[in-house]
Ligand SMILES: Nc1ncnc2c1ncn2[C@@H]1O[C@H](COP(=O)(O)OP(=O)(O)OP(=O)(O)O)[C@@H](O)[C@H]1O
């Protein structure tokens with residue numbers, strides 16, 4: 001098929017490549033230098049790293065080693081996103097043959113459980129994350145655990161972001177894109193997150209269309225693809241436009257000005273854009289001599305939906321960012337010069353700004369107010385919403401388990417640990433409505449919830465009905481949250497995503513259901529609270545919309561009245577003019593004298609003046625000024641009296 005006839009090398013070039021000549025420690029850890037001799041660094045080959053078999057990292061076939069790896073459960077938690085906005089997953093890749101030849105099977109990490117991992121250097125350090133995926137976790141398992149919920153978040157109207165972090169060669173591209181050779185609908189086992197996510201997204205859209213035919217639901221998806229290289233934004237779907245600027249406005253939020261957006265209707269369309277972007281990147285790379293591991297790539301899909309319900313038109317919107325970051329290793333400090341030095345400085349700048357942004361967000365989560373330096377790098381400015389706004393963010397930190405990458409791995413674990421402590425916060429000002437929420441949630445934990453991007457419009461009556469329904473929903477949820485009505489029938493696996501009018505049957509990994517936690521009741525209460533907050537917000541939105549509509553109607557009615565009065569006045573004046581014309585005709589034909597005509601004319605002018613005076617009096621502005629005038633006169637009078645006496 002022509003679409004997938006491109007060599008996978010092109011795809012690889014989209015998301016990263018190796019140049020091991022400069023591989024060293026992270027920007028935050030400047031001590032160690034890592035060498036991975038297996039990877040070649042010929043500039044032209046850099047782009048084709050993944051494609052060329054001999055340029056790939058080879059993995060051990062040693063059965064004994066594979067069998068000795070202890071595997072932990074890797075289960076998704078369907079309720080996770082209900083009360084979290086940031087998820088951090090560690091992914092450990094298998095040892096490569098070159099690592100084995102360099103350091104044997106020596107490892108720098110030991111997995112303790114499905115959530116904990118120990119770095120075995122000195123001193124030993126233990127880290128806890130939302131999930132730790134060992135080398136046996138397949139692309140499919142990772143997609144089900146991390147990709148599926150993110151698509152559901154987008155369907156629910158949340159801005160969502162998955163980003164892969166890690167040193168060069170740690171598996172970021174394998175995770176985000178993987179092997180899409182053949183590119184058919186039936187994925188190869190190594191096919192990564194992005195193609196799986198879009199295939200799932202479009203199948204969900206199709207299901208939603210079928211289930212909500214009556215609401216006439218319509219979806220629009222638009223994709224864009226950019227790269228940040230040397231602090232410059234390049235449009236990969238239109239390579240002629242370079243150095244694009246990030247803008248921020250109330251309507252569009254943070255966005256890249258003039259970035260090409262292409263409408264897509266299938267996973268196949270998305271892959272086409274990915275390939276297109278990759279091909280453009282290849283051309284630019286030749287001109288600029290850059291390698292993908294030195295740039296950040298952001299593939300974005302905007303998903304919009306519109307549906308009708310009880311005379312109200314709903315509009316929902318979500319931005320889905322898939323980010324492959326530049327390798328987090330420290331660029332070789334010695335010997336780097338010219339373009340390389342510039343590259344290194346910029347990668348360091350954006351990744352260290354990312355680290356700083358995360359640190360400051362954690363401080364904010366802990367109640368310490370701090371400035372968050374989003375604007376210090378293009379990457380953090382662009383991802384501002386995903387990092388600290390109203391988004392759901394999944395960070396996949398990729399690591400190599402080999403002892404030869406020990407310091408790099410520690411650095412990635414530390415970065416991921418910090419990210420774990422972020423709680424996204426409101427980016428909107430505190431309003432009365434939010435204060436109401438404060439009073440509702442004593443521990444304020446709901447204030448760290450991301451927001452559903454949803455809007456509604458319709459006629460006043462429909463909005464009123466909607467408000468009534470929402471009020472009933474609020475009352476019902478409130479009584480449930482108070483413990484009044486415990487509904488044990490809902491203990492199953494049906495997940496209603498906040499803000500989503502439909503619920504999704506969660507199949508679970510391999511179709512198995514995991515046991516619900518002991519504090520099920522607590523989590524159920526939280527679910528109700530989340531739903532209640534959503535209902536409050538929607539009610540508040542509807543109220544605001546209703547007030548605005550009522551005010552608009554009143555203003556329109558006043559204007560109509562004013563116009564009607566003016567028309568009446570004009571009609572009257574027209575009648576006077578017509579009478580005057582007739583009289584002049586009579587004067588001309590000698591039927592009446594000029595004196596009588598003038599007397600009549602005077603009479604009618606007086607009447608006309610009266611009409612105009614009435615009009616002026618009725619004019620609201622004039623009335624207001626007249627009132628103001630009277631009030632000021634009265635004030636002056638009182639002032640004069642007080643001065644005199
Ligand atoms: N979990 C894994 N299982 C099997 N192979 C993997 C895994 N992770 C990575 N690899 C392989 O390791 C090699 C390096 O991975 P990848 O290219 O994804 O690294 P990267 O972090 O994207 O590097 P760069 O920053 O240079 O682009 C590839 O050959 C990839 O196929």
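Each residue, glycine too, has its Cβ placed from N, Cα and C.
Listed features, source TrEMBL:
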type: BINDING; residues: 166, 167, 168, 169, 170, 171, 172, 173; note: ATP binding site
type: COILED; residues: 453-480; note: coiled coil
type: DOMAIN; residues: 85-422; note: domain 'Kinesin motor'
Checklist entry - When you measure from the Cβ of residue 166 (ATP binding site), which residues in the chain that are at least 6 apart have a Cβ under 8 Å away? => result 172, 325, 327, 328, 397, 398, 399, 412
Next on the checklist: Among all protein chains shown, how many Cβ atoms are found within 10 Å of the Cβ of residue 170 (ATP binding site), not counting that one?
Outcome noted: 27
Checklist outcome for this item: Mean pLDDT across the coiled coil (453-480) comes out at 72
Item to check | Neighbour tally for residue 172 (ATP binding site), based on other Cβ positions within 10 Å of its Cβ | outcome: 29
Checklist outcome for this item: CB neighbours within 10 A of residue 169 (ATP binding site), counting all protein chains shown, number 30
